[in-house]
Structure formats: structure tokens, C-alpha cells
There are 4 protein chains.
Amino acid sequence: MEIDGDADEGRRKIDWAREHTPILARIRERYTEEKPLDGVVIGMAMHVEAKTAVLAELLAEGGAEVGITGCNPLSTHDDVSAALDAVDGVHSYARHGVDRDGYYEALDAVIEHEPDVTVDDGGDLIFRIHEEYPELLDGIAGGCEETTTGVHRLRAMDDDDALRYPVFAVNDTPMKRQFDNVHGTGESSLSSIAMTTNLLFAGKTVVVGGYGHCGRGVAKKADGLGADVTVAEVDPRRALEAHMEGYDVAPMNEAVEDADFIITTTGNRDVVTREAFESMNDGVVLANAGHFDVEINLEQLSEYAVAERDVRDGIREYETPDGRRVNVLAEGRLVNLATPVSLGHPAEVMDQSFGVQALCVERVLDADLAEGVHEVPDGIDRRVAEIKLDALGVEIDELTDEQRDYISSWQHGT
Amino acid sequence: MEIDGDADEGRRKIDWAREHTPILARIRERYTEEKPLDGVVIGMAMHVEAKTAVLAELLAEGGAEVGITGCNPLSTHDDVSAALDAVDGVHSYARHGVDRDGYYEALDAVIEHEPDVTVDDGGDLIFRIHEEYPELLDGIAGGCEETTTGVHRLRAMDDDDALRYPVFAVNDTPMKRQFDNVHGTGESSLSSIAMTTNLLFAGKTVVVGGYGHCGRGVAKKADGLGADVTVAEVDPRRALEAHMEGYDVAPMNEAVEDADFIITTTGNRDVVTREAFESMNDGVVLANAGHFDVEINLEQLSEYAVAERDVRDGIREYETPDGRRVNVLAEGRLVNLATPVSLGHPAEVMDQSFGVQALCVERVLDADLAEGVHEVPDGIDRRVAEIKLDALGVEIDELTDEQRDYISSWQHGT
Amino acid sequence: MEIDGDADEGRRKIDWAREHTPILARIRERYTEEKPLDGVVIGMAMHVEAKTAVLAELLAEGGAEVGITGCNPLSTHDDVSAALDAVDGVHSYARHGVDRDGYYEALDAVIEHEPDVTVDDGGDLIFRIHEEYPELLDGIAGGCEETTTGVHRLRAMDDDDALRYPVFAVNDTPMKRQFDNVHGTGESSLSSIAMTTNLLFAGKTVVVGGYGHCGRGVAKKADGLGADVTVAEVDPRRALEAHMEGYDVAPMNEAVEDADFIITTTGNRDVVTREAFESMNDGVVLANAGHFDVEINLEQLSEYAVAERDVRDGIREYETPDGRRVNVLAEGRLVNLATPVSLGHPAEVMDQSFGVQALCVERVLDADLAEGVHEVPDGIDRRVAEIKLDALGVEIDELTDEQRDYISSWQHGT
Amino acid sequence: MEIDGDADEGRRKIDWAREHTPILARIRERYTEEKPLDGVVIGMAMHVEAKTAVLAELLAEGGAEVGITGCNPLSTHDDVSAALDAVDGVHSYARHGVDRDGYYEALDAVIEHEPDVTVDDGGDLIFRIHEEYPELLDGIAGGCEETTTGVHRLRAMDDDDALRYPVFAVNDTPMKRQFDNVHGTGESSLSSIAMTTNLLFAGKTVVVGGYGHCGRGVAKKADGLGADVTVAEVDPRRALEAHMEGYDVAPMNEAVEDADFIITTTGNRDVVTREAFESMNDGVVLANAGHFDVEINLEQLSEYAVAERDVRDGIREYETPDGRRVNVLAEGRLVNLATPVSLGHPAEVMDQSFGVQALCVERVLDADLAEGVHEVPDGIDRRVAEIKLDALGVEIDELTDEQRDYISSWQHGT
């Protein structure tokens, strides 16, 4: 079944992403020369868009045979899928808007390549193999999982002794969290909000729910644009850290009273609820930068509102009983992914986690790992940082032997 | 002739802009009550999109009869025009994509209302009246002009003693330049670049051409997002100011060697030319945030390049003889207006200059001004600032008599 | 033997510190009312200056009998010591400039109070008791140790099973490191440098050696003053974090070539050595903000230099063979402590670690802890953050039961 | 009469300043070679401390015979004066702590050199010559005046046609105000406050009175250290600019309620008065960064307070009737000059205005200027910027002829 997408257009998108993923470019140099994945079959189920395509293509350039499909029927770009399918060594089965049957048929098509390694975003490929193709399990060297959700499901499976091959939890590495969350989420959330609302941040009061990695990124960059930032937190030390940066700190229900923008980043539910809706300013804009759409309680808002309507693409306005207007972006879903203009994470951020993916694929083939979920070895994470610095042309210092002795004598006792 | 636009959709867009233009909202309160423009006819030729519509509607709410059309055939939003035409007291003749004849017919339709005051963006209405309707000139109290270009043309006309009524140069007021340029251009340029390229600013080298108001805004906000900023300037004191902010300062042709992004804001031509193209990094992104598309010399780039193609919506890639790729956004036109996702200036910024417009319309009716171009009285500009602070609920201090004496004794001698 | 200090002057200094230590003030309210330390004898050996005095006085206000002396013969302020000795329930034996015998006599005088709890800065009191007063060990409930060095020595003792009572390692708590290092070291180092050199940071190139907590503080605040920051690091991920903040990153020996200021914060030795001295700019200023004076290798500098002299209070100039001048502040010792104008850590920072001290004293009395070095319980550290927020009048959110369930289901599996 | 100062110590101080005044160093290269002031006699009355000494010495290095004395009996550093007197071609008559007679004797001694040019800080030399030595007036080519106060007095004299030779108002140049005020006052005020109080700025609420050049510098740098800034202003546009930077804006009497630090920079009197004292927090710190000590009304504070005392060097505490403590630094005088640890303006800032001084001395000799106060020619100011960039090794762009035409056609009409 053919993919109904403009492969030339897809190729252009992939090329753009290739141009701005320096870590993958550096790994490509080695892969092209050494072909470390020669003869390896890799099955992938990920969001098939340009950045992912660069990873799939890279694995093929390393010698692998790659079968790939989507991990969500709505996230596939058909043009990219078509372009990818045209690449030597890559077979793409991803199509936008397939139904449930079509989705699983595509997964099965990938599995029929009999992968040595699986690369997942959400775990659907791993689960399908465990459920429907148990006979293949022994032949699989291992897998990689990209997301929080997938890792969570795999850990539960592991707890039940049901996970039958080793899987790296790529999601949890420092190279992903420290950069993806702070810089990727921070910048792309603010740009998406700006380009959806046509509003300024300068001079505005921006309330940030949560002061973890994402919240720090959003707060710091909103501050950098000229906003006056208020942080709402539940942890006293994080709250104090925010205070020491010069931000206001207040409980959410008080903070919203002055807010022009409210951006949630907690990873928790019910961060903005009925009591908050009751005291917001007219015209306030709400957006969520956390993983799930549970942070702003839209059910309560809808119940509280006397009217609601779409006022702009990606903006739903709720009118309160006393005539104020509360504007919610992207139905409370991830604002850097879900507005009409959003583009998801910037290429450089995916470059870092896909760099980890590529090295983990190699490691899972070489190492003799036990079944179950494994943390990404720190050395791999560190190696990706080194590759990026090298690609950027940034050099750093090395400890001398004397320095290493000095430090370790301090850490471990004289 | 009817406007072929969805008036409901246009209404929604206007409502959104109304909600985020606090100065106009505050003026509206007075207009609605006092009707200061009762019986006045106002002719307008401006970009007919949501923010302008709020101004037109406001003037009508103040009692005026408003005839409006576009100042550029491509900038009209038909849905907004249709919604505007449905407003009591407003007649809109603007339609998207009209030909030259259609454009002038619409101007003529506005003029047939026999305006007491004209409000222009580029001066086409004023010029048309002077050329084709000289008999109306005596009846016109005055006009307002929004842009640099329009003011420039009117000054030339004034020098030739050809301008037959007083016109306020709204473009040049502090309330426009200090905010529009620094914050409006600064933020919307960066957001437009981010949402067109899907790239990060954090860790990138951003070269800013020019350190005037626009350049300061772009530099400061790029810095606030985590970029490493280099400024290229021709004025030694501005260059020194940039240096004292901690930015690198270098001639453009050297600065480009390390650049990830190059953003021009000079108002001058040929800021980035052949010599610069020859030493840029592979993958560099070029954008212009200055008024005209003359800052990046695309003719030279096209000549130098061995190939060129569109790689993404709004991005044209030029391949150099040695295989590097130079990416130009929006054909070198104003990046916050001309990419597919750009929305132009944020609403709050237009609120400030439209607030000046509204007060200037009143002033031109009351004051007995000589023919020619007039600077906006400082008191009006200052008044708009006061209205905005009031609308924001921000209070400030007032000088006591003793303080006023103390200061003035210092300034004017004892 | 009387202390030869002006107790009134000392009282004023203590009062100033009391006024700016809100955590201790809040604990004082409870202590004054509840007297939780009634009947407890506390022995202290710390730097006897105003901030420490507030802690000693607080413990007495909580009902304790306090004996205190210095932990370094040169750090005692006699006026503070005299003022402290005049406080009900406090006996101070600290005198500035005592010889070795005088130092140990004072320690012995403290020990003669037969303390239930010891509070040390460097461990001298604990060591003295273990060596000379073993008969007291059984009666001691426990101790607290403030510094890295002291904890290090105690861990070594613990490894040899020689530590005979429980001691809290106050040094290592988040409330100390995240604030003391980032904000305390960051601000006080820069102020001390500014007030010793009479130079600006704006427009200067500041090279920061190390990007741990101290380095981040120095870098961020130098950047905030307008400096252009370069970071030298050995860890690739930290280097990449610095890069993503927009700082330059380079090896120390290259970074120094453009430096106006070089500030070391690594905790390691030989961060700036001969090769670096050879390529520094004429007039460069070097300062150390790390714990020991080993980061700038002054022996090598002295050997390399053809002449050296003191050019200002706290600044030693070394002339290189080719006529450049290299200026070293405070002989390479902690610049926020060791220049003539330095005041050590700001009061608010000591407030946080002394707040932890006070709560640890209570805990060590209540809990039945095993012999050895103990980490400060996270609850105590968190409690100090809560007290500070409360003292600042800053309120934060609390997790609801639903939120707690939601989060924990995510962390621990469904 | 000999100066009782350690000339070696003075020499060291001057050398330090020479090392950090790159503009004067660059001018020195030309002076040493070309001796443009050969045979010229220059009389100076300025603060005789290290930075001024570099200027005096420079003029001598350019060939001039220099007679110098103080412009305030308390600001002379005797060691610097002694070192200066030992310089070839320089005669220093400045001594610390002289009485009125001694002060005027020293001025007379300078005048007895029969200067061709006078360089003043406050105008005392000019006034003395006009009053007591009118016979010399015809022989004087002109003068330079450094300060606001001096220029003010000279303008008044000029208005009365009493000023008999041309004087450059060095105080008013962009190279002085844009840098001295923003960066010099900004940084040195904050450092002086930090090193006088031993307090942190991070997390503190800093109220800045006035948002002119000084206020912007203080606000921006306090923000850069982690403070939460509130601005009090009387001008609505400046207030709005502060708002757009993300600062809080409020009237002084409200702003003080949350303040930890209050810093005045207005140049006006009575910025902080009785009503404000009544609502300040306990422990608040007040400092003035404006020219005169009239901004904080200490008379009112003293009257309101029930007790007052010096709590630390440079800090006076006032106790309010309700038991709060209000701390005033340096008796409300310029905080970067008047605390015990203050060092005045950083060397680089004086370098800029002394660079202007040196070029103005040359100009006043060459140009045939009318009697009266003259603005410094823009070309000189610009030239100093060029020299500094050159000294820093910073290159900038130059307009091409085409660019010059393009710009000027825009500015002056087609």
C-alpha cells in the first residue's frame, strides 16, 4: 500500500532537519565509514516526522535494515514517510490518519522484518511483539524507549517479570532532561504562545505552575523577554530557589489574580481549577507545557463558564458568569505541539536524544544485558555531550592526573 | 460590491484584538459616553486587519462616520473587512487581492464620504485627494500618517509647498518607537524565526546588524533566550554601548563567520553582501527585521549561489560554490510580517500607536494648525502613556511644587 | 582572662546580623516561648563574628548554656566575643590572635562546661574531646559540623571507627549548597573584586573556572552586570549547559587570552598554571572563589615573574618577562573572605546554614542516632526552607490528596 | 610646603589606574611622540586621587606644564599628591584637610603658573581667576569643566555675560552620561551597598527611585544579581519603559512597603519622605546614588525617629515609634563615594570622561571659540568612543558611499 505523500517535499523537510542535527551528523561520519550496524534489523515505532526521519536514515546509513511506522496515527507526516520509504534500507509503513486496524497492520509490517533491536516512543512495538509474536522475543537483542509514558509502562511490565528483553530508558538521561526540558520546552512553548495569540511578553505577568526543569526554562526565558514572572510551587526549596532568582512566588489561586499568561509545567493534575478561574483577569491566556492535558481542569472551566467559543485558531474562549474571558490554548494540551502553528521540539533538542538512541542501539547489540528496563549508561550520555561539543567546535579542559588524585582524595577520604 | 469574507470569523478576530488593546479600551469608555467625534467624517486607508479594525470601530464609537479601505491590496483580511462593514457607522471598501483599478476605486469610495480627517498608512489617501479631489482640500481639518515611508513622502511634498492641510507624523512619537521597535519588533521577529525554522536560540550565535531601537530589542531578547549575541554597527558610540552590555562587537563580514542566525535591523541597504556570503557557516539562517527588503543583498546571493530552492515554507536555501547552505527567511522582507506564520506587530504595540492616532484625530479637529507635517505634540504622546498606565492599574508619582522648583532651578540657572 | 574588645561595638554588629537573619528570628520566637534546650549544655568552636554570635545567642535563648571559642585564632572579632560573653547563658573564650597554647586553653575552657552537644567549624572541638577528654564521650548526645574540611576529617575518623558520637554533616545540605554557593559566593565574590580593584564588570571578559554551583553563581551574576562570560570546564555536560546559557566555553589556557578577570571556583588545584600565565593580557585580574588557595598556582607564577609587588591593598602584581602585569587578589585565597574589605558570606546565607544547625542540635538530642557521620535529614533541610518562606511572608501551594496519588502512581508504577 | 604623603604608595595607586584607563593610554602614545601640548601651561583643580593623577600626568607627557590642586579639601589623597608632585612637569599643591586659607593658597599657587588652559571640577579655579586675577583672563585660551554643578554655575555666569573665556561642558557628553551613569553608578552603587551591609541582593525587593540613566543602571544590575525590582517614577513614559522591562512600577510611598533596599537616583529632593518612613519594613536599607544628599529627607526621618545610632561603619539606624529600624547608608550622600569602603567611579568610567577632557584641552587651544559655555563638539565625543574601541581591539563597520546616500536620502527627502 502506497503512502500518499509528496516525497520531494518530505525530502526537503528531512534535509532541513539533517542540516540542524550536528550530533547525528557527527555519528553519521563514523557510521558511513564503519557500518557498525551492518546486517542488523531495526524496528521503529515513532512519530514519523522530519527529525525522526533523520534518525531512521542514520541507522540505515550505519548498515541497518530499518522498518518504521508511527506511534500515533495523527503524528505522521505522509510526505516525510514517503521520502523515508524511498531511502535505501528503510521501509516506512507510517500513514497519517489510519484507523486502528491500519495502525496495527503497520506495526505488524515492521515486525515482519524480524528486528534485532526495537526503537519505541510509547512502547507499542514492544508490547505488540510480546503479545502477538512471542516467538521472536529470543532473537531480539534489546530495545530503546524514548518517552516517560513508555518507560512507565515498561517498568510496570518489568515489575511483573513480563519484559523479556533489555530496554534502555532513553527518556531519563541528563542529556535529554537538562536540555530538552529547560531549553526545548522553554523556548518552543513561548514561541508557540506568541504566534498563536499575537501578544507580547514584555511587561506581562506570566505565572508559571511548577519550578522543575520545564518551569525553570519557561520562567527564565519569559523573564529574558521582559515578563514579570510569578512561580507557583508545592516544594519549599524549589519555591525558595525561584524567590532567590527574583521571581514572585505565590499559591496558584492568588497568583492568577494578576496574571496575563498562566503556563503549567508540573506534570501533575488540577494545577488550575475552579477557584483559580473565579479570580482571573479578563483576557487571561492559559497554556499547558506539561506532558498531559490534565493540568488545567477544563471540565471545571467548561462547567463554570456561561459560554465558550473558538476565538482564534488554537484559542478557546470561556466566558465567566461575571463577564470575564478566559482563553485556553490548544485545549490544554502541550502548547508547543498542539496549536496549529506548533512544530514540537526544536531540532537541536531531538538531536541530543536521538544521539543517545543511536549509541544505545549499538550498546544493546554489544552488551550482554539482562531482561528488563535499564538506565542509559552514564558514559553514553556523556559521550553524546562530547560529540555535540566536538560538532560545535567547542573544546574543554581535561583533568590532569594530579587533579584527579586531588579531587578523589577529597571525595573518598585521605 | 460585497466583500467576500466570513464576517463572523472577522468579528472574532476583532474581538480578540479589542480584548488586548487596553489603551483603546480606555479611550472607548470616554468616546462612548462623550461622543467627541459626533458628526465628523473620517477617511482611512490602512492595513485592514483585526488591530486596525479596532481603531476604525473606536472612531465610530466616538460618533464618527468612518470610510475605510486598504493601503496595500495584499494586506486586507476579507473576513475582518466584512465584519467591519457590518459595524454601525463604518463603511469598509477593502478587499484582498484587488487590481490597481479596484484599489483606486476603493480609495475613491472612501473619499466620496468627504472626510473631515484622513488617517493614512503610506499616504495614498492624502495623495489621491490632492491629485484628484482638490476641491475637497479646504474642507479637511487635517490628517494622521502612521509610517516612516508616508511621513517621508509627505515631508517631500511639504518641502514643495504642495501639502495643503496639516498632518501629524504619528510614526515618529516616542510611544511608537521606544516600544514598537524594541519590544514589538524584538519579540515578534524572534518568534517568527523560531516558528519558521523549528530551531533553538539557546547556545546559538546571533549576529544583529545595527544597534538602534530594533537592534537593541532583538539583541536583548535573543540574549534573554540564551543566545550569544554579536552586534555589527557603524556608529562607534552605539558599538561601545553594545560592548558594555557584554555583547561581542565585530564588523559584519567577520561576525558572520561564527553566526547561526543573522538578523538585520539597520534601515540601510547592503548590510549583508557577497563578502559575507563567502564566509558564513553551513546552515546559517538570515532574516531581516528592518523596514525594507534591501538589507540582505539577495541579488548578489543569487548570483553567487550555484543552486537555490525552497526548503520549508518561508525559507529559501542557497547553495554556495563550496557546498555550504545559506538559508534566507521570507525573501529578506520583514520577518515578523512576511513568513507564512507571521502575525505582524503584537496587539499591545499597535494599541500604543493607535492610541496616539485617536488622540491626534481629536487634536487636528480642535487645533487650528498650519498646513504641513506636524510632530505629534509631546503632551499627546505622554497622555497615551498615562492612559496605558491607568489601564494597567499602574500608579506613578507626581512632582510636588517644591520638587518642580528644585529641578527647574537646576535646569535653567539659579 | 578578659576579652579586650568593645562590647558595645560588638553588640551593634550582632544586632545588625540579628536584623538580617529571618530564619533564626523565626526559630527564636519558638525558642523563647518553649525553651526546648532547657538544661542542655552546648560547646561551640566557630568563627566568632557577628553572624555566628546570633546562632550562639539563639541557642542560649532556647534555654541552653553555651560555651564558645574560635575555630581559628585570626577570625575572632574581639568586640563580638566580648558582647557575646555578656549575654546571659553564654560564655565566650574566643580572643583574636592567641597563640597555640591560648587556642587550646580556650577549647578546654569550653569543654569544661561538659557539653551535651558540640557545634564545630573544622572539627577541632570534637577532636580535642576525643583525644584529651575521652571520659566525656559517653555523655555527649551528638554534634554538628559546618564545613567541608571538618566533614572530610570526620568521615576519615568514622572510617577508622574512631568517631564516638553521632555528628550531622551540616555542610552538605541543599539549603546550604544551592544558596550559599550560587548566591552567597556569587555576589560576595564579585562585590569583593569590585571594591578591591575599583574596576567595572560591564563589557569585560570574565573567565570562570568551573561550572558547579559556585561557578554558575559567579557566571550568572557577572553576566547580569554586563560582562561577557567564558567558562572553562572539564565535564562535557556542564560545558554544554554553559554553552546553552550563551556563554563562551573554552579550555582555560585559551580562555585567558581574552580575559579581563579570571575567577576560579573548581575546588581543584592548578586550574591556572604556567601556560596560562604566559598568554594573559596585560592588566588581567585573577581571583579565587574556591575553598582553598590551590587553584591559582602562585608558586609557578612567582617563579615565572621577573618582579612582584603589592599595588593596592589586596592586590599583588606580577611582572612577566615580556612586561605584562598579572594581578592576583588576596594571595589566591577565597576572595570573598580574604581581601581587606571582604566580609565573608552575606548574613542571609549564614541564616540558612545556621537554621539547619539549630534544628540539628534539637534533633541530635531527641533522636537516638548511632555513632558516626550522619547526613542531615531531608525533612530538617526542607523545614528550614519552610521557615524562611514563612519569615518572608511567601506562601506556596500544597499537594491535594488527588495530586499526591496521581504523582506517586506515576513514579512507582500503576 | 611639602605634602605629607607616601609618594611610593601614591605611585602604586597611579600605576594601577594607568593600567586600567585604555583611552588615556592610547592618547599617551600620541602625546609622547607628538608633544602636542609643548609649552602649554595647564591649571587644574580636581579631586586629587589616582584617576585624576593619570590625567594630569598625561597632560605633562603631552608637553604641558601642569599645576594642580584639589577641588575639595577632603578628597585629596596625600600620597597621590606627593607622587604627582614628583612627576616631571607637574606641580601639585593639593593637601588633605587644609583649612579655607590653605585651600585658596593652593588655588593661587596653581594660578601663579599663569595657565593657558584651566581644567575644573566645580569651577573654583575659573571663579578665582575671574575674581582675583582678572589680568590673566586675556591670556587664557579656555577651560574644561567636569561636573553638573560646575557647568550650572558657569551657565549662570555666562547668562550674566560674566564668563570671560570659552569653557567646554564636559559633563554633558554622551560618552560621559551613557556610560558613567548606567554602568559606573549602577555597579559601584550596588557593590558599595553590598560591602557596607554584608547583605545579598538575590531575592530582595529593590526599589529604585527614578528611571533615568542612573536608575536604569541600578535597576538592570540589581535585576541581574537576582533582585526583584520596583521602579518609582514621575514620568509616565519612563514608567512605562520600566514596566515593559518586567519591573514593578509603583509610587514611592507604596513601593517602600515591600522594600528591602531603596536606592534613589532622581537628582531631585524629597524622594523619600515622612509618609514613606511610616510604612517601611523593619530592617530596610536606604541609599542614595544621586548627586546631592537631598533625595532622602533625613531631617524628617530624624524628627520621626525615637532613637538613632550608628550600627556599622557607614550605616545609621533610625528607630521608628512602632519599633521598626530604618537603616541609612552614608548619611544619604552618594553611596558609591561616601561609605568607608567606597572608591568612587570605576577607572574605566573616568577614562572616558578624562579622554574627553584631554581632547577638549587640545581643541580649546586650536579653535578660536567665543567666550561662554560650549557643548563638547560631537566629533570629540565620538572620537573618544573610537579610541576606546581601538584600545579594546574592537573593530566596527563603516558606511559605504551607497549606504550613506541611501540613508541621507531617507532623512532629508528624495
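Just so you know, glycine gets a Cβ as well, placed from its N, Cα and C.
A simple way to gauge crowding: the CB of A:Asp180 (substrate binding site) has 23 other CB atoms within 10 angstroms, across all the protein chains here. The annotation substrate binding site is assigned in TrEMBL to A:Asp121, A:Glu146, A:Lys176, A:Asp180.
In sequence order, A:Asp121, A:Gly122, A:Asn171 are the residues near A:Thr147 (NAD(+) binding site), counting only same-chain partners six or more apart with C-beta under 8 A. The NAD(+) binding site annotation in TrEMBL covers A:147-149, A:Asn181, A:210-217, A:Glu233, A:Asn268, A:289-291, A:Asn336, A:His345.
Look at TrEMBL and you will find A:181-342 tagged as domain 'S-adenosyl-L-homocysteine hydrolase NAD binding'.
Just so you know, the Cβ of A:His345 (NAD(+) binding site) picks up 21 other Cβ atoms within 10 Å once every protein chain is counted.
Per Cα geometry, A:His345 is the residue among the binding-site residues A:Gly212, A:Gly215, A:Glu233, A:His345 nearest to A:Glu146 (substrate binding site).
Summary of the substrate site environment: with the site residues A:Asp121, A:Glu146, A:Lys176, A:Asp180 set aside, the chain residues having Cβ atoms within 8 Å of the Cβ mean position are A:Thr147, A:Val170, A:Asn171, A:Met350, A:Ser353.
Non-local neighbourhood of A:Asn181 (NAD(+) binding site): A:Gly212, A:His213, A:Cys214, A:Gly217, each in the same chain, at least six residues away, with C-beta under 8 Å from its C-beta. Rounded to a whole number, the C-alpha distance linking A:Asp180 (substrate binding site) with A:Glu233 (NAD(+) binding site) is 21 angstrom. A:Lys176 (substrate binding site) is 23 Å away from A:Glu233 (NAD(+) binding site) when you measure Cα to Cα. A:Asp121 (substrate binding site): 24 other CB atoms within 10 A of its CB, across all protein chains.
When other Cβ atoms within 10 Å of the Cβ of A:Gly212 (NAD(+) binding site) are tallied across all protein chains shown, the result is 17. Ranking the binding-site residues A:Gly215, A:Gly290 by other CB atoms within 10 A of the CB puts A:Gly290 at the bottom.
Distance noted between the C-alpha atoms of A:Gly215 (NAD(+) binding site) and A:Lys176 (substrate binding site) is 15 Å. Checking the binding-site residues A:Glu146, A:Lys176, A:Asn181, A:Gly212, A:Gly215, A:Glu233 against chain C with a Cβ-Cβ cut-off under 8 Å leaves A:Glu233. Scoring each of the binding-site residues (A:Lys176, A:Glu233) by how many neighbouring Cβ atoms lie within 10 Å, the top position goes to A:Glu233. Cβ neighbour count for A:Glu146 (substrate binding site) (all protein chains, 10 Å cutoff from its Cβ): 28.
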